[in-house]
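Take a look at the structure set out below.
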Amino acid sequence: MIKITFPDNSVREYAKGTTAMQIAESISSRLAQEVLAASVNGEVWDLSRPINDDATVKLLKWEDEEGKHAFWHSSAHLMAEALQELYPGIKFGIGPAIENGFYYDVDPGEAVIKEGDFAAIEAKMLELVAKKEEIKRQDITKADAMKMFGDRGEEYKTELISELEDGTITTYTQGSFTDLCRGPHLPNTSYLKAVKILSVAGAYWRGDEKRKQLVRLYGITFPKKKMLDEYLTLLEEAKKRDHRKIGKEMDLFMFSDTVGKGLPMWLPKGTALRLRLQEFLRRIQARYNYQEVMCPPIGNKLLYITSGHYAKYGKDSFQPIHTPEEGEEYFLKPMNCPHHCMIYKNSPRSYKDLPLRLAEFGTVCRYEQSGELHGLTRVRSFTQDDAHIFCRPDQVKQEFLNVMDIISIVFKTMNFENFEAQISLRDKVNREKYIGSDENWEKAEQAIVEACEEKGLKAKIEYGEAAFYGPKLDFMVKDAIGRRWQLGTIQVDYNLPERFQLEYTGADNQKHRPVMIHRAPFGSMERFVAVLIEHTAGKFPLWLTPEQVCIMPISEKFNDYAWQIARELGNQEIRAIVDDRNEKIGRKIRDNELKRIPYMLIVGEKEAENSEVSVRKQGEGDKGSMKIATFAALLNGEVEEMMNRWQKSND
């Protein structure tokens with residue numbers, strides 16, 4: 001008999017070789033219908049795989065991320081099987097599950113797969129679902145795998161196999177389709193009741209622009225059709241909120257192929273928005289004694305060799321800048337941290353000087369393949385709201401608490417009320433790859449866990465997910481339509497202090513290494529603005545929006561009165577513009593609603609005679625007529641209320 005421990009710490013005994021499906025059936029028939037895969041000692045398994053030793057088991061359902069992953073991984077195989085039947089001779093690359101659905105990279109040869117073919121592919125997938133094909137795992141030798149896929153002319157698969165270590169290789173088979181795969185997978189195809197092919201795109205094999213461009217098909221599946229319908233409705237809403245579309249409508253930013261792909265340019269309104277965000281963060285950081293610094297946009301190659309960034313980014317970075325006189329090489333800055341390490345090193349440091357908190361809105365450049373570029377969320381030049389804290393090991397917990405406060409203030413002020421966190425710690429067993437002493441790691445890991453507990457923050461702990469140089473805490477927010485975005489990171493670093501030989505003199509008069517903490521509440525200004533646009537659909541908080549008021553005269557003869565109002569509001573620090581185009585008032589209202597301006601003031605003969613304005617509020621319509629001073633007090637009162645909420649959350 002073997003002992004199975006469940007997440008609630010209850011224990012049951014089963015015969016050796018019992019499968020996770022049999023365990024589910026022993027608990028309830030409903031659970032057996034809902035379970036998709038199982039976590040066995042932290043590793044996700046197929047439900048049919050025998051468990052031969054005592055184990056900790058969690059039965060995974062749709063609600064679990066690992067359950068969805070297995071579901072969508074099996075869906076990728078289902079789509080591949082359908083493609084194999086529809087396009088004889090098609091060759092397969094890779095087909096992983098992703099955050100929302102799955103994709104498969106395929107080489108259809110002379111055939112062309114286009115959007116008009118999606119319905120036929122979906123129909124074939126549902127035909128295979130109805131067959132309830134069993135998904136079978138098989139362990140074979142590397143030689144057998146090479147022969148199997150080689151005989152089929154699967155050149156992409158044989159390339160992958162050739163790079164694997166000698167030993168057992170896993171394949172999965174359903175119907176006539178067999179794939180090289182680690183798994184896990186569902187028991188059979190009948191689980192995949194609702195299918196949808198979403199899009200088709202090009203993708204270079206293994207992300208290498210010098211290799212062949214394959215066809216990438218994206219899809220998504222659900223256990224129920226109702227869930228698919230809800231998702232497709234969500235997709236339509238997401239299209240309306242696309243930051244690229246709204247950013248263009250609101251004149252926030254632009255791109256130009258003449259300037260260069262992936263290089264955003266901020267227009268006046270977008271710049272005003274961005275600067276206001278930066279000032280907001282500066283005000284918060286000032287309370288926590290951050291000192292702002294400014295560093296050059298390039299650095300000597302030797303700096304990045306020392307930091308290790310040259311090894312990571314050098315090969316794929318932009319071309320170096322050569323100085324003919326000195327014969328030196330300079331690179332566009334990929335990270336701010338090496339420069340901050342040199343600032344720390346500029347002066348002798350005592351334990352009394354720590355923590356030292358250096359902040360910078362630093363622009364960095366990293367090469368991204370053109371196919372990976374996407375609006376503001378994936379660019380080649382971006383500005384990080386970066387800060388690096390140099391502290392003693394005993395100060396790590398308090399610094400985490402402080403940064404968590406800052407991130408919480410940012411999220412609440414921007415109305416990201418729904419967020420979660422993940423703690424990434426060392427692997428429980430394999431610890432050779434981590435730099436730094438066990439003692440310091442244990443202190444840092446304990447400090448992060450305790451900080452989350454003190455703040456009442458429910459954080460998921462992931463062992464083995466820490467970087468080799470330190471544990472970290474990541475924050476994920478849910479936007480207004482339920483999508484998850486990773487925003488805000490706090491990362492402990494034992495690597496750079498070692499590489500740069502950073503020191504401080506301790507109370508014992510001996511030299512010690514400081515702990516370095518990286519943090520960025522926004523992540524990058526570009527990505528944060530993109531997420532904020534899609535979260536708010538461009539309807540920013542009143543204090544933040546670039547233009548708070550648009551004054552619209554109903555005819556040219558009231559233009560002077562409109563500009564007089566704009567000046568009066570400007571004197572009270574209200575951001576107002578005048579739309580004095582020779583257009584009908586209905587057209588002006590529609591155009592400015594598209595620009596998401598919170599308030600519109602309509603002025604005509606009646607308003608001019610009474611020194612009033614007719615007020616319309618975005619999303620609420622007509623608010624009636626009022627004196628200019630009354631309106632100004634109303635607007636400033638709204639802003640003050642928002643700022644008071646921020647102030648309370650900061651106290």
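Yeah, the Cβs are placed from backbone N, Cα and C, and that goes for glycine too.
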Quick check: of His243, His374, His388, which does Swiss-Prot put in the same Zn(2+) site as Cys337, His518? His388
Setting Cys337, His388, His518 aside, what same-chain residues sit with their Cβ within 8 Å of the center of the Cβ atoms that define the Zn(2+) site, listed in sequence order? Met335, Asn336, His340, Cys341, Asp386, Ala387, Gln491, Asp493, Leu496, Met516, Ile517, Arg519
Proximal but sequence-remote residues of the same chain as His518 (Zn(2+) binding site) (Cβ under 8 Å, at least 6 apart): Cys337, Asp386, Ala387, His388, Thr489, Ile490, Gln491, Asp493
Reported in the order helix, strand, coil, what are the DSSP residue counts of the domain 'TGS' (1-61)? 14 helix, 25 strand, 22 coil
So for His388 (Zn(2+) binding site), how many other CB atoms are inside 10 Å of its CB? 24
